[in-house]
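**Q** Annotation comment: TrEMBL describes 474-493 as region 'Disordered'. Annotation source TrEMBL lists transmembrane segment at 22-41, 53-73, 138-155, 161-184, 236-258, 270-287, 329-351, 357-374, 394-416, 422-439.
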Amino acid sequence: MSEQEEEEGMGSYAKNKSNPKLTLLPLIALIFYEVSGGPFGVEDSVRAGAGPLLSLLGFFIFPLIWSIPEALLTAELATSFPENGGYVIWISSAFSPFWGFQEGFWKWLSGVMDNALYPVLFLDYLKHSLPIFHQMIARVPALLGITLSLTYLNYRGLHIVGFSAVVLAAFSLLPFLIMGILSIPKIRPSRWLLVDFNKVDWRGYFNSMLWNLNYWDKASTLAGEVEDPSKTFPKALLGGLVLVMSSYLIPLLAATGALGSSPSEWTDGYFAEVGMLIGGFWLKLWIQAAAAVSNLGLFEAEMCSDSFQLLGMSKLGMLPSVFAVRSRYGTPTVSILLSATGVIFLSWMSFQEIMEFLNFLYAVGMLLEVAAFITLRVKRPDLHRPYRVPLQTFWVGMICVPPSFLLILVMCLASWRTSVVSGAVILVGFVLYPALLHAKSKNWMLFEAELPPSSSNGWQQQLSENKEVELVEEEQSLMQDNSKPDQQDLDLT
């Protein structure tokens, strides 16, 4: 791209900078895809739970002890620090930039590992109808093509991703609503109570529950792209919570109540067979298509958050300035490319391996977020909080105990391999941060900002200064763009 084209692109971005802000409905859809994407993948919870009972209880109880506390925490902190970077800023404000960087590194890697699942799952659903995708000669090019195509869609703009998420969510959830209605005459409530405790796979069960109900905090990394975040974020999180719980419970209640299937039959993709048995071949095809499409939505939402997290870290001086460079569509180009590269390199891992690794790193990062939440309540009671959880600090701490216990339990149940590899990743983060500081001191890399003081005041001041710089840059770009003669005027001349 020439210098002139780049200037015109950035001028076009500045002129339309206010247009692509995320509104309520697209943000709900993005949160839905960050957390869930539909009931695809919950089949393992029935198999690992040795029957419907534990799966149904899990999706009733875990949102109360896990999802709601995490969503409340996210609502309060995302509105207190409404900038790209999300939890990186929270941790830095409560503790230090060192721990903020570690949080960002763990969460970014966890997100990239999570995203590596979705192109694979997309082909796993398609191969039931197109057996050619069983063969590596067709599978590898398809994986690369899917990843690159979806990466380009992310590059084209956040508003496109948000609108796409709304459409994909509607298409993916409608067949399960129809299946729920068709199953009503066949439901036998006694089937919901079946369980064989001697065959329960507790590690698989808890990992499945956490994976299907985590990442409520992910959308905070693009808070700077949300219209009126102090009002929009709490509403979007509430809407997302209702949508996620409904998308799990309606299909599970319908399928397990209407059919007497053995727990061993509940593997990935089994909902398509349920659709066949309840509604017929047409519903099976729709669910297969919905599953494939849902994985695309999950990929888009995850990459969107991962790339804007890197942009936020760059704006705060934690990463080189190249990660903050935006395309003419307002998207962080280098951050998107780095996230896509990580997805391609991790796609060879198995589903279970990826899920356990990302859950471990996610759990470590989430424990740090809980600690930051409580610390900021104690150290900074005067911090401006447009949305505040309506509880005293003591009771806020109490509602954080069950999710913290769950996170520690998942880490304790991890295999030795997962623990060793995750420990190595943590050590890499410990080394990477001082290495970047050394590179900054030697001017080996260009950084946008110096790290602010390790206090919430320092971080809020830095965010305010970043906002002022962006406004000045926007005004300068507009002035340059307006000073250029209009092409129509040149033609007339």
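Even glycines carry a Cβ here, placed using N, Cα and C.
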**Q** Could you give the residue numbers and ranges of same-chain residues that sit at least 6 residues beyond the transmembrane segment (161-184) on either side and whose C-beta is under 8 angstroms from one of its C-beta atoms?
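**A** Apart from its flanks, the transmembrane segment (161-184) reaches 22-23, 25-27, 29-30, 32-33, 37-39, 153-154, 243, 247, 250-251, 253-255, 257-258, 271, 274-275, 278-279, 283, 286-287, 289-291, 293-294, 296-297, 300-301, 304.
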**Q** Assess whether the transmembrane segment (53-73) lies in contact with the transmembrane segment (270-287), where contact requires at least three Cβ pairs under 8 Å among residues 6 or more apart in sequence.
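**A** Counting Cβ pairs under 8 Å, fewer than 3, so no.
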**Q** Hey, which bits of the same chain come close to the transmembrane segment (22-41), Cβ under 8 Å, at least six residues off its ends?
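**A** For the transmembrane segment (22-41), the sequence-distant neighbours (Cβ-Cβ under 8 Å, at least 6 residues beyond its ends) are 67, 121, 125, 158-159, 161-163, 165-166, 168-169, 172-173, 176, 208, 211-216, 218-219, 222, 225-227, 232-233, 235-237, 239-240, 243-244, 247-248, 251-252, 268, 271, 290-291, 294-295, 297-298, 300-302, 304-305.
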**Q** Give the nonlocal contacts of the transmembrane segment (394-416) in its own chain as ranges (CB under 8 Å, at least six residues past its ends).
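**A** For the transmembrane segment (394-416), the far contacts come to 62, 65-66, 69-70, 72-73, 202-203, 206-207, 210, 356, 359-360, 363-364, 366-367, 370, 373-374, 377, 422.
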